[in-house]
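The heme b b562 binding site annotation in TrEMBL covers H88, H189. What TrEMBL lists as heme b b566 binding site is H102, H203. According to TrEMBL, the ubiquinone binding site annotation covers H208. Per TrEMBL, the feature domain 'Cytochrome b/b6 N-terminal region profile' maps to 1-216. TrEMBL lists 217-386 with the feature domain 'Cytochrome b/b6 C-terminal region profile'. Look at TrEMBL and you will find 414-440 tagged as region 'Disordered'. Residues or ranges marked as transmembrane segment in TrEMBL: 34-58, 83-105, 117-139, 146-171, 191-210, 231-252, 295-314, 326-346, 352-375.
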Amino acid sequence: MTIRNQRFSLLKQPIYSTLNQHLIDYPTPSNLSYWWGFGSLAGICLVIQIVTGVFLAMHHTPHVDLAFNSVEHIMRDVEGGWLLRYMHANGASMFLIVVHLHIFRGLYHASYSSPREFVRCLGVVIFLLMIVTAFIGYVPPWGQMSFWGATVITSLASAIPVVGDTIVTWLWGGFSVDNATLNRFFSLHHLLPLILVGASLLHLAALHQYGSNNPLGVHSEMDKIASYPYFYVKDLVGRVASAIFFSIWIFFVPNVLGHPDNYIPANPMPTPPHIVPEWYFLPIHAILRSIPDKAGGVAAIAPVFISLLALPFFKEMYVRSSSFRPIHQGIFWLLLADCLLLGWIGCQPVEAPFFTIGQIPSVFFFLFFAITPILGRVGRGIPKYNTDETHRTGSFSPFGHSHIMNRTISPFGHSHRRSFSSKAEGGESQHSYNPAYIDF
């Protein structure tokens, strides 16, 4: 067998054909904007976190007497240790920033709508896992804020009736946050990223079953192109911009999000005057403390994630994208401002007037998820087009231009046609897929 035949034989193997189907020839809506690049960027952030975390774990000692000094050893004595630690510590925030943008983009364009309910559910699970992983990873440096943050957050479980105190004791591994707690959190911080990888792969597989949404919110099987090379180049713009932003962050202002008390070794005797969680937990913290009762505040955390999970299961909207829904568009921007306000309130002392001010945006946060399904049923629907008929005969698209579907030109300069299976309408059907088409 010649080398050329061996090469093509390898490419026909299941693993290569699967990678080609999902990474190279995957049919993608041609009108995706730069905002659709945050999903792949989040995957890159996850890889960076895992790689830097593995190298840091080689030098970290999970013991209450040695943990803080081992971090100092990494920063001062390990070759390139300072860079690894800054990349990992700030990479967690970068990861969460990217995922927050990804979530808000999905809310704006209603990407959670049918038939992508499972995609949304997996996304919320990933988001919850990320917050838990980031919180657990805040403990191993064993600074003052690491210790007291672990004490306060884990103590919230005591508000659970009957079994609350038992859960807290189990989390601590004793009757206070101590060496057993540090070892448990250190171990879980290695396990959860592996679960995150698995959940992310399921999230990607569920997305590729029905395809991506697009800025118009109009499903079309004909207006699609291959992912490679078009969107690889387009996503490269966002990745370069993110790399520049991240480089400036870790090289010039690496401690901008670090709490001053966390540069002091953990000491259970003096309590910090103002315990502030990390920025990604601030909106939830503001909602929690806006309710006077401890049990009620803890119970309010669950609806935050339940609201995100419930949106896809309401009746399908007439029009998805907020680009055509000015009322929903305005409410969306109010939600964004509301989350920023909650974040600011969450880092303020628990005193007047912040306690009262926090109750108003907390109510609006849940009100947004209550009225969004109602607004989705207001307005005229977009007419559905027979993509099979349009594809076969060629006709005017709903966007005002004509497609010649029987003659296509690939990015490599020759005419060809491809076909792919779609289950978007609830059944198995074959649609011809064109990498490019001629517009008039």
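Glycine is treated like the rest: Cβ placed from N, Cα and C.
Curation does not apply to TrEMBL; its annotations are automatic.
Taking the features listed in TrEMBL, we show where each one sits on the structure.
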| residue | record | Cβ neighbours (10 Å) |
| --- | --- | --- |
| H88 | heme b b562 binding site | 21 |
| H102 | heme b b566 binding site | 21 |
| H189 | heme b b562 binding site | 21 |
| H203 | heme b b566 binding site | 21 |
| H208 | ubiquinone binding site | 16 |
Task: Contacting positions for the transmembrane segment (146-171) when only residues 6+ beyond its ends and CB under 8 Å are counted - done: 135, 138-140, 177, 181, 184-185, 262, 266-268, 271-272, 275, 277-278, 288, 294-295, 297-299
Task: Cα-to-Cα gap, the residue listed as 'ubiquinone binding site' vs H88 (heme b b562 binding site), nearest whole Å - done: 30
Open item on the list: Does the transmembrane segment (117-139) come close to the transmembrane segment (191-210), meaning at least 3 CB pairs under 8 Å for residues 6 or more apart?
Closed with: yes
Open item on the list: Counting only residues 6 or more past its boundaries, what in the same chain has a CB within less than 8 Å of a CB in the transmembrane segment (34-58)?
Closed with: 74, 81, 84-85, 87-88, 91-92, 94-95, 98-99, 101-102, 105, 137, 189-190, 193, 196-197, 200, 212, 215, 231, 234-235, 237-239, 242
Task: Any contact, the transmembrane segment (117-139) to the transmembrane segment (352-375), with at least 3 Cβ pairs under 8 A - done: no
TODO: Over the domain 'Cytochrome b/b6 C-terminal region profile' (217-386), work out the mean pLDDT and round it to an integer.
DONE: 85
TODO: Name the range, of those listed as 231-252, 295-314, 326-346, that has the largest tally of Cβ pairs under 8 Å with the transmembrane segment (352-375).
DONE: 326-346
Task: Pairwise CA distance, H203 (heme b b566 binding site) versus H189 (heme b b562 binding site), rounded so that it is a whole Å - done: 21
